[in-house]
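Here the structure comes first, spelled out in structure tokens, and everything after it is commentary.
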Amino acid sequence: MFFSVLKTQWQNAKENAKKAFCLFGTKDGFTIVVQVVGLLNCRFGTENKSWLIFNPTILNVASVTPWSAPIIWEGTFDPILIDSIYKQQNLTIATTVFALGKYTRFVKDFLESAEQHYFVGFRVHYYLFTDQPESVPEVKMGENRSLTVRKVQSFKRWQDISMSRMEQLEKLIENELASEADYIFCLDIDTKFYGRWGVESLGRLVGVIHPWLFDAPRNRFTYERRPESQAYIPAGEGDYYYAGAAFGGSLEDVHHLTKTCREKLHIDAANSIEAVWQEESHLNKYFLLNKPSKLLSPEYMWRDINESAAQIKVIRFSNVAKNYAEVRPNP
């Protein structure tokens, strides 16, 4: 009923659409951008109810893609409202992380910070893949929060660890998650949450804009440029550069993503080619051909909590400082 009301009133409003953006609900969540002009607040309602969906804020960043997918920044959503709507759906969010070798040292901070900031008040099931289950620390989980630890093989190269993730994720979705979760996010473990990451991030297919390249011109994007690779993106093409450290969406869409990337990685391997940034290169090629329905700003995958940028008002999730030469198994 709620969504049908929104659809009807959106149709009445869109004749005036020109400038300010708001998000309106569909059965998949807040994934469609509606443009509304001349209103201080974008409201939809019935005779006795009114919902403030978006209070337009003057942003110095783009809040929508060329294909009309929303880009989520601080100021583009009402957290109280959007939580109240999604809580009616009784959702479960699966979340995967990989901690192999010395990367197990990051598990405690990741999980403890996630319990404070990540989908708070919603059902979350973490899946931790590691070659050292005995090294996983005990972290107290909140209500409706759980952790499953899965043992996987060790690798001598960090590049192989990176490339193996797509296959593990594909199998997890196929074999277990169909009846266990509604959405999935795949995150790096050497990270920490510092602010809200909530249901505003949910969508059919979700990419995160890379924190080092979000304000760079396209000719600086570090796409795979060799035509021999399945991840090849020619010069002059590309929309955004996406971080491999965080992506997600519906089970169906993420399964298709991981299956496609796994197949492309195997083709490259058979041809003795390794894309410049391994799975991240293939992820960027996939998102070029299969546009995300929602983008998350670099607030959702920042460089370092101690670094700042004028466009970043809130750091929600960030890499943690580390000596890569010390924690990785190879250069």
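The count begins at 1 with the first shown residue.
Cβ coordinates come from backbone N, Cα and C, glycine included.
What TrEMBL records for this protein:
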ACT_SITE  Glu280  active site, nucleophile
BINDING   Tyr103, Asp188, Ile189, Asp190  UDP-N-acetyl-alpha-D-galactosamine binding site
BINDING   Asp188, Asp190  Mn(2+) binding site
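Within the set Tyr103, Asp188, Ile189, Asp190 that the record links to UDP-N-acetyl-alpha-D-galactosamine, no two Cα atoms are more than 10 Å apart, and one pair reaches that distance. Sequence-distant contacts of Asp190 (UDP-N-acetyl-alpha-D-galactosamine binding site), defined as residues of its own chain at least six apart whose C-beta falls under 8 angstroms from its C-beta, comprise Tyr103, Phe106, Phe110, Asn319, Val320, Lys322, Val327. Highlighted in sequence order, Val97, Phe98, Ala99, Phe106, Phe110, Thr191 have their Cβ within 8 Å of the centre of the Cβ atoms of Tyr103, Asp188, Ile189, Asp190, the residues recorded for UDP-N-acetyl-alpha-D-galactosamine, and are not part of that set.
Within the same chain, residues at least six positions away from Asp188 (UDP-N-acetyl-alpha-D-galactosamine binding site) with a Cβ under 8 Å of its Cβ are Val97, Phe98, Gly244, Ala245, Ala246, Asn319. Non-local contacts of Ile189 (UDP-N-acetyl-alpha-D-galactosamine binding site) by the CB criterion (under 8 A, 6+ apart in sequence, same chain) comprise Val97, Phe98, Ala99, Tyr103, Phe106, Val107, Phe110, Leu128.
Cβ neighbour count for Tyr103 (UDP-N-acetyl-alpha-D-galactosamine binding site): 24 (other Cβ atoms within 10 Å of its Cβ, all protein chains included).
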